[in-house]
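Novice: Okay, handing you the structure first.
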């Protein structure tokens with residue numbers, strides 16, 4: 001099915017990046033030269049705070065989503081030019097503030113006061 005998006009003599013174009021924390025850092029375009037390749041995006045979120053994004057071309061892309069104790073992994077595949085543009089926000093502001101509150105408490109009052 002992925003090959004249907006390709007016309008003879010053309011290649012699929014996908015955004016490409018490795019382990020970026022912002023979708024804005026994933027603007028490099030990769031030329032997928034093998035017939036049947038798809039664009040993919042992987043988002044790995046650790047404890048709701050930090051999201052790492054990777055993108056590129058793949059012959060064996062499979063949509064996948066897994067929840068782990070410390071985070072979540074999500075892989076999406078698509079087969080049209082630059083279809084893997086969307087990413088995830090690198091840091092959720094409210095979650096970051098909530099996560100930093102205990103550390104701030106330790107700095108201000110010390111470990112014995114918490």
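Any Cβ shown, glycine's included, is placed from N, Cα and C.
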Novice: Annotation N-linked glycosylation site per Swiss-Prot: which of the candidates 31, 74 has it?
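Specialist: Per Swiss-Prot, the residue annotated as N-linked glycosylation site is 31.
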Novice: What is the Cβ neighbour count of residue 32 (disulfide bond) at a 10 Å cut-off, with all protein chains included?
Specialist: 22
Novice: Suppose we draw a 10 Å sphere around the Cβ of residue 57 (disulfide bond). How many other Cβ atoms does it contain, all chains included?
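Specialist: There are 21 such Cβ atoms around residue 57 (disulfide bond).
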Novice: For each of the disulfide-bonded residues (39, 78, 83), count the other CB atoms lying within 10 A of its CB, then report the residue with the highest count.
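Specialist: Selected residue: 39.
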Novice: Give me the Cα-Cα distance between residue 61 (disulfide bond) and residue 83 (disulfide bond), rounded to a whole Å.
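Specialist: Answer for this pair: 14 Å between alpha carbons.
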